[in-house]
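Colleague: Under the heading signal peptide, TrEMBL lists 1-17. For Trp49, Ser55, Glu70, His73, Lys173, Glu174, Asn177, Arg179, the entry in TrEMBL reads chlorophyll a binding site. If you look up TrEMBL, you'll see Arg75, Glu135 marked as chlorophyll b binding site.
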Amino acid sequence: MKTAALLTVSSLMGASAFVAPAPKFSRTRGVARMSFEDEAGVTAPLGYWDPLGFSSDGDVEKFNRYRAIEIKHGRVAMLAMLHTLVTGLGVKLPGLVAAGDGIPASMPAGINAITSGAWAAQGWAQVLLFCSALEVLAPQKEDKIPGDVQPDTSAFAKLEDKTEEEALAYQNKEINNGRLAMVAWTGATVGALLTNGEDPITTLLSKLGN
C-alpha cells in the first residue's frame, strides 16, 4: 500500500513532464469539422487524420473527450514503455507486492510477470488503487483543455505563460510522444508474447547480431 501511495504522490509531482497545463485561449471555437484541423496533435505526415469519422459531426464536447482519452492513454503508454525498457535491463524498483513481501528477484519482467502468474492479487490491488487515486485526485475538468489535470496552483508551469505557438509545440510533442509510446508498447508486448517473455532490447540486439 505504501508503494501505491508513493506512486500517486510521485505522479502528481512529476505531472509537468507529461501534462499540458490549460492555456486561457481555446483552439476549438467552431462546430464544423474544419475547426478540428487546427487542433494540437494535427502534425505531419498524416495531418488531420480521422479515418473512422469519430469527429465528423463537429461535436466539440465529444472531440475533447476523445482527445483527453488519447492523452491519458499516451501518458500511461510512455510510463509503460519506460518500465518495459528499465525492467528489461534487469532494474527493479523497491516495493511490496504483498504485505511483508518485497518484489522477488525471480519476478519476470514486463508482460511475462502477468502471463506467468507471478504477480500476486495484492499487486493487482495496488495497481487498481493507484489508478483510482489518479482518477479522483487528478480529474479532467470541463473548463480545462483535454489533458490538463494539474492542480490549480502556481507550483506547476502553465502554458498561458508561453506564446500560442510555444504552447502548441509543447502539446504536439506530448501527444506525438504518447502515440509513439502506444505503438511501441504494443509492439514490445506482442514481441514478448511471441518470444516467451523476451524483452525488446534483447530481441533487437539478437536481430542486429544476425
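Here the Cβ of each residue, glycine as well, is placed from N, Cα and C on the backbone.
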Colleague: Would you pick out, from the binding-site residues Arg75, Lys173, the residue whose Cβ has the largest number of other Cβ atoms within 10 Å?
Modeller: Arg75
Colleague: Pick from Glu70, Glu135, Glu174: which of these binding-site residues has the biggest number of other Cβ atoms within 10 Å of its Cβ?
Modeller: Glu174
Colleague: Tell me which of the binding-site residues Ser55, Asn177 sits in the most Cβ-dense spot, judged by other Cβ atoms within 10 Å.
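Modeller: The most densely surrounded of these binding-site residues is Ser55.
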Colleague: How many whole Å apart are the CA atoms of Trp49 (chlorophyll a binding site) and Arg75 (chlorophyll b binding site)?
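Modeller: A Cα-Cα distance of 20 Å.
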Colleague: Restricting to the same chain and to sequence separations of six or more, state which residues have a Cβ under 8 Å from that of Arg179 (chlorophyll a binding site).
Modeller: Glu70, Gly74
Colleague: Would you mind sorting out which of Ser55, Lys173, Glu174 (the binding-site residues) have a C-alpha within 10 A of the one on Arg75 (chlorophyll b binding site)?
Modeller: Glu174
